Amino acid sequence: MVNTSKALTFTVQSECKHSRARVAIMKLPHYDVQTPVFMPVGTQGTMKGLLTDQLENLNCEIILGNTYHLGNRPGVDVLKKVGGLHKFMGWNRALLTDSGGFQMVSLLKLAEITEEGVKFRSPYDDSEIMLTPEKSIEIQNCIGADIVMQLDDVVQTTFQDYDRIKEATERTSRWLDRCLKAHKRPSEQNIFPIVQGLLNPELRRKSAEEHITKDVNGFAIGGLSGGEAKDDFWPMVSLGTEILDKSKPRYLMGVGLAIDLLVCVALGVDMFDCVFPTRTARFGCALVNKGQLNLKQKQFESDLNPIDSDCECTTCANYTRAYLHCIVSVETVACHLISVHNIAFQMRLMRTMRENIKQGTFPKFVKKFVNEIHPDKNFPTWINNSLLSVGINILED
Amino acid sequence: MRFSIKQTGCGGERIGYLTGFIRSPGAEIETPTAALFTQGGSVVNLTAEVLSKVFSNTKLLWLPLSNSINLETGVKAQNDGVAKFAGLQGHVTCATLHSLSEDTPSGHFELDRAPLWTKNGKRMVSADRYMDVMEIFKPDIILAIADGRTSLNEGSKRISKAVCRSNSMLKTCVNRYMSSKELQKSSLIGVVVGAGNPKKCDESLRNILTHVDNLTGISLQGILDGPEESRDIDSETLKKLFEKVGEALPKDFVYILEGNWNPSIILTAVEHGWDLFDGSYPLKLTNTGVAMKLNFDVTKENDTLYLLDMVDERYKADLKPILEGCECLACKKHTRAYIRHLLNTREMLASVLLSIHNLHHFDQMFYHARQHIASNTFAVFKQHITKQCEMVKDFPPNRYKGSNGTNIPTENQAPNIKRRNL
Ligand SMILES: [Zn+2]
Ligand SMILES: [Zn+2]
């Protein structure tokens, strides 16, 4: 307890009087992160062609790296030599790494999961590799991120076989113990357990209840955002935040669409990550409140407006939609420019939510936001129900 | 635009200033210098935000129509010139038909039209159409449209046609220039062609002289027809050509050399009075994963190669910057190991960091060249650089040969890109 408490302190500053939304400072070894926070994903130690200076200008406070990719390239030896990923990529703020398990299962058809770990063939040299909980933590200790994830037994979200889901959920808890035992740098890095159980409330409850007994500084909710119906998705998030310790940060993995962020902040989630904002930029799509603009479309050919006239990013300050239309999917600069805007968009949304929570106007903000997207008030049931469950009625004025 | 020569050295080298840009009144470009090569109006790999971190002063942008003609509709709608449209207001632009370093099919000329090879295929452009675009793009400097893509060993029939066609297109450009207030805010540059045939080249030079009152300078084409092989020209041949052109034309002209020539050839041109280069050399290096690190200190013997193949395994754990002491953003913050990792994983930041360093370093080469011209020691500097260029005869490695143009991920890179997004 003495050791682990040093690597993360979570101080709630304001709470919404209606929903479970809260604003907090998550003090990590490399940075004091304001939550709720969105964490852009920089898979291989870089973010879509942006300089780390640019990420700082965009007010990114914590970003993600992928253990599986980094463990392969540049590899553990190089990371050890340079003194971790922070130094390797020139990023002084906070970092989070995943366990590598998800990549393996989703990327590699040959992966085989046993009690010992995940066995797979290396796509680099075809050798057989076993990723155990111990190995995952060893690599993550070497990468040196402020927050590291336990290795979990990943099953596709829409998977139906109860026995397999049960096995995966229970195994995830056993692997958590092995991860915590293998952790070599508890005063500098925090392991977050991952709540599993897919769409089964009982398994999820058991998983969460088991994890809150552990000596950890925060939790993740995993196994969602994998193609399940939204009506199935939000109750699992809600179940998680209900059980998980309120005094510790809760991280919902793989969620990043504006409306999802809004609802899940209301449900009490503090941290999010998603490849979507930067991935969609690559295809010429710029995020706006109502969704996204596909700048490739001919309608933007002579549109001299910025992507979003309310946006303060360097792209919107300097470039028109018409210009971006000309260079999307032709010049790499287009990808950088739209990535800058899309990250700025995510950061601004989170900042606005934090400000509204602090000022006690969060429910009002939520209503305004959903009404802007659905001016006809024809709200999808999941948005209506989820918000109603935490005391925000978007149907009343 | 005005070109004024401030100082001349022992040879033909000189320090000059480009000032009086009508669209950018305060701008001043010191020569000899290289422009920043653009694609689609942007400096390749660098957003305006990043560019402003690399260079704080006004730069000359090199703008080939072949990669920017697709901006026409938007530039026209905004009606404030191509630099503004591309988010680079404050910088000055020099527009030309195409980049001499591109690989394009040869021929395809018509009597009064030149082929423009764009990403979407061939477009035939007449001199009138070319000047229409210039009226919309409003560059500060306009290179006249010409049939300049012939190599030195091109057949005389082809050269003869190129000279004849270029002469007539220049005439149209000059006529359009004289009759348009908008175009007169730009400076017009004549293009010397047909360098492979002395007689025909003389004809091209004579023709340019007939328009001398409407021209601010010349660009020397008719040396290359694109492919890498045509760049294997010995420096003696080029020297003679530089001399010939320099003697035939007014000294107060701006002299431009296009093409991704190595530093030794560039400094040879400078020695013969050349002022402006198109900036395609550092881009070529960046596109092939190569960093340059010339030793500029003439008092120090240099025994290491000035080109680093950053893809090479040897840099895997090299924690030094590309060039120790380099003041560029990439060197101040990042290691060779990191850049090598980015190249190895095909991350876009690799090209960004290499661009930052290579552009900065190339710019530094011109800075040192001007310093040496000012102190009458240019010959020493040139020899110092030439020696370093001679050491890398067999570099870059073969796998880079012929690679030019853009570094847009191609279809066969798709699986890799997909993977890194996960
Ligand atoms: Zn923006
Ligand atoms: Zn440098």
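Glycine is treated like the rest: Cβ placed from N, Cα and C.
Note that the structure is a prediction, hence the values are computed from the model and not measured.
Annotated features, as they stand in TrEMBL:
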type     : residues                                                                     : note
ACT_SITE : A:Asp98                                                                      : active site, proton acceptor
ACT_SITE : A:Asp273                                                                     : active site, nucleophile
BINDING  : A:Asp98, A:Ser99, A:Gly100, A:Gly101, A:Phe102, A:Asp152, A:Gln196, A:Gly223 : substrate binding site
BINDING  : A:Cys311, A:Cys313, A:Cys316, A:His341                                       : Zn(2+) binding site
DOMAIN   : A:19-372                                                                     : domain 'tRNA-guanine(15) transglycosylase-like'
REGION   : A:254-260                                                                    : region 'RNA binding'
REGION   : A:278-282                                                                    : region 'RNA binding'
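Structural mapping of features recorded in TrEMBL.
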residue	record	CB count, 10 Å
A:Ser99	substrate binding site	31
A:Gly100	substrate binding site	23
A:Gly101	substrate binding site	27
A:Phe102	substrate binding site	24
A:Asp152	substrate binding site	30
A:Gly223	substrate binding site	32
A:Asp273	active site, nucleophile	22
A:Cys313	Zn(2+) binding site	24
A:Cys316	Zn(2+) binding site	22
A:His341	Zn(2+) binding site	27
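Counting residues 6+ beyond its ends, the region 'RNA binding' (A:254-260) has Cβ neighbours under 8 Å at 38, 224-226, 269, 272-277, 287, 289, 345-346, 349, 370, 373, 383 in the same chain. Using Cα positions, the member of the recorded positions A:Asp98, A:Phe102, A:Gln196, A:Cys316 nearest to A:Asp273 (active site, nucleophile) is identified as A:Asp98.
When the recorded positions A:Asp98, A:Ser99, A:Gly101, A:Phe102, A:Gly223 are compared by Cα distance to A:Cys316 (Zn(2+) binding site), the shortest distance belongs to A:Asp98. Listed in sequence order, the residues A:Pro306, A:Ile307, A:Asp308, A:Glu312, A:Thr314, A:Thr315, A:Ala317, A:Val340, A:Ala344, A:Phe345 complete the 8 Å Cβ shell around the Zn(2+) site centroid, once A:Cys311, A:Cys313, A:Cys316, A:His341 themselves are left out. Counting only the Cα atoms, the space from A:Phe102 (substrate binding site) to A:Cys313 (Zn(2+) binding site) is about 33 angstrom.
In the vicinity of ligand 1, defined as a Cβ distance under 6 Å, the following of the binding-site residues A:Asp152, A:Gly223, A:Cys311, A:Cys316, A:His341 are placed: A:Cys311, A:Cys316, A:His341. By neighbour count, meaning other C-beta atoms within 10 Å, the densest spot among the recorded positions A:Asp98, A:Cys311 is A:Asp98. Taking CA atoms as the reference points, the residue listed as 'active site, proton acceptor' and A:Asp152 (substrate binding site) are 10 Å apart. Ranking the binding-site residues A:Cys311, A:Cys313, A:His341 by the distance of their Cα atoms from the Cα of A:Gly101 (substrate binding site) places A:His341 first. Sorting the region 'RNA binding' (A:278-282) by DSSP state (H, G, I as helix; E, B as strand; all else coil) yields 5 helix, 0 strand, 0 coil. A:Gln196 (substrate binding site) sits 33 Å from A:His341 (Zn(2+) binding site), taking the CA atoms of both as reference points. A:Cys313 (Zn(2+) binding site) sits 33 Å from A:Gly223 (substrate binding site), taking the C-alpha atoms as the reference points. You'll find the Cα of A:Gly223 (substrate binding site) roughly 29 Å from the Cα of A:His341 (Zn(2+) binding site).
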